[in-house]
């Protein structure tokens, strides 16, 4: 029995329960668990629904093609495809230098993998093709097996070929092997492996890669012929030849870097006012080609240029099995990094545009893309953030934009590639260096990490330093090892029996997405989608009120006509739809539980309070704090009260230091025990029913007591 003595005190009287007596009074609900035999039967069963789901899973193009809105999306895809194609051509030429290959092989990476990803990929917005970090990792392998000076490694099948031809075979075979690894991981359903590369580790790794890329491009910027490609050691060769710098290359590079940097800053500053970003790299390449051709830079001033570009694609080749043996250790980290970067970028756009991506299908898509591309001597493919940003920001809605960008590359390769022959390599090097700004500026994270989470900071520094001095492959392995050691030494999982929604382990980069998914599954609805539906509904109601087609009466909102359902309305500004519901311009308060006017439909929210038991959470990192804050705000913005109980004081202090709390998430959501939180909920309901006030937000149904409250809450197991 529960008696209220005052607002801050309570007395609880109940029988003393053992496990047996409690089981006698309360029926225990068991969830049926599938046996191994059940799983086997399900795996080998077949019906029309499963065939359809399998087809949609293997060929995601079927799903989004069925919902393609030609009138709304086609123009944006065309503009995006042309813009992305021009950028892909330039980046393909530039990134091929990182792989120590002739420039045209970068064009292959912007064509062949894109075609396969068009059919198999689940992301609608990433631009598939060359990625500088992968190109650098491929280049390290290529120059190890076929060095600038000295004899190449004794590999069957490379006899009688030129150095460029040998390197192309090595790169193609390595790309093919990377594709095999990715495809195998996708088939084996191990897409979750990407979560073990935390934001901190990836940041340190890509910063180190940017340093390697910067150093490798100095020889092109200075116009020097420097043998070797082994990271910082190349500086020795550069400094020994510094007096031989080609001033025409140096001046051209400086001019290009300054102009591109300034215009890119203007693009960022005036992003909202520009219909499309100014393609300054493309413009500077065209100017550089014209100047180089007019003044014959190659013959008169000794400037190294791109040279002849074949007017067509080379015939496909079978991979070299001997090269497989030599590069297997190198191919695996390339496969992991390529997938992890692409998946991270794809996840950003999938959240922004509200659709789902499948990690395992992405592995299959990139695996097949690299296998197909490797057969045609393409570079290893992933995605570049800058190129994907162009594809999305210029209006791209689907991978039709990617297919059109591949067509632009095809036209250049087959018809007008000769126009790029006088392009100085120093210009490509300058463009690569300017585009490193984002990766190099990640070093600013170090002071923040040192103040907020020194263990994360150690992971960043160790990964970066190891990757710079030991090479990218070994550096990645060292960083991952340190990260796992840090987590193992800090956490102390306590997987006790759970009541309500309990997190039975620490929360960190590797399980935050799993936690968020389980939370959504448990409550039975996606709060972000409901929030977007509510904001779309408000936009429509405000628009109808302004037109006079929806009027305010004593009974609420009344429709003066009939309206068709329009699900496509207001999909443009997705960021605004994620903000809290704003009733300021609406003359009445909307009751989301009642029937809405004008054929507007919003899914119901079936709970009013959610209690998270943190008693087993002994550790939380910065990546998890960001994910947790996002998840809680999504629930709060759809009128669900959040309570966190039994939280370690260390966790609360860390949340405070990382600015977890704001106007929406307050420190008052924490309670000492689960019992305190439940009694607070009951007390709030009591006040609402008898006194007319409550701290609870609007909810779908009243809750009469402790048992009903428990029925609305869930357990994470």
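Including glycine, each Cβ sits where the backbone N, Cα and C put it.
Please treat TrEMBL annotations as automatic predictions, because they have not gone through curation.
What you see is a predicted model, and the numbers here were worked out from it, not measured in a lab.
What TrEMBL says about this protein:
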{"type": "TRANSMEM", "residues": "74-97", "note": "transmembrane segment"}
{"type": "TRANSMEM", "residues": "103-120", "note": "transmembrane segment"}
{"type": "TRANSMEM", "residues": "127-147", "note": "transmembrane segment"}
{"type": "TRANSMEM", "residues": "167-197", "note": "transmembrane segment"}
{"type": "TRANSMEM", "residues": "209-235", "note": "transmembrane segment"}
{"type": "TRANSMEM", "residues": "247-264", "note": "transmembrane segment"}
{"type": "TRANSMEM", "residues": "276-295", "note": "transmembrane segment"}
{"type": "TRANSMEM", "residues": "331-351", "note": "transmembrane segment"}
{"type": "TRANSMEM", "residues": "363-380", "note": "transmembrane segment"}
{"type": "TRANSMEM", "residues": "400-420", "note": "transmembrane segment"}
{"type": "TRANSMEM", "residues": "458-491", "note": "transmembrane segment"}
{"type": "DOMAIN", "residues": "488-681", "note": "domain 'STAS'"}
Interface check, the transmembrane segment (331-351) with the transmembrane segment (103-120), three or more C-beta pairs under 8 A: no
Sequence-remote partners of the transmembrane segment (276-295) [C-beta within less than 8 Å, at least six residues beyond its ends]: 79, 83, 86-87, 90, 252, 256, 259-260, 263-264, 266-267, 301, 303, 305, 390, 393-395, 419-420, 422-424, 427, 431
Highest-contact recorded stretch vs the transmembrane segment (363-380), from 74-97, 103-120, 247-264, 458-491, CB pairs under 8 Å: 103-120
Cβ contacts under 8 Å made by the transmembrane segment (74-97) with residues that lie 6+ beyond its boundaries: 103-110, 127, 129-132, 135, 216-217, 220, 276-277, 279, 281-282, 285, 306, 379, 384, 386-387, 390-392, 394-398, 400-409, 412, 420, 423, 425, 428-429, 431-432, 435
Stretch among 103-120, 167-197, 458-491 sharing the most Cβ pairs under 8 Å with the transmembrane segment (400-420): 103-120
Cβ contacts under 8 Å made by the transmembrane segment (167-197) with residues that lie 6+ beyond its boundaries: 99-102, 105, 138, 141-143, 145-146, 155, 157-158, 161, 317, 319-320, 323-324, 327-328, 330-332, 334-336, 338-340, 343-344, 358-381, 480, 484, 509-511, 513-514
Confidence summary (mean pLDDT) of the domain 'STAS' (488-681): 77
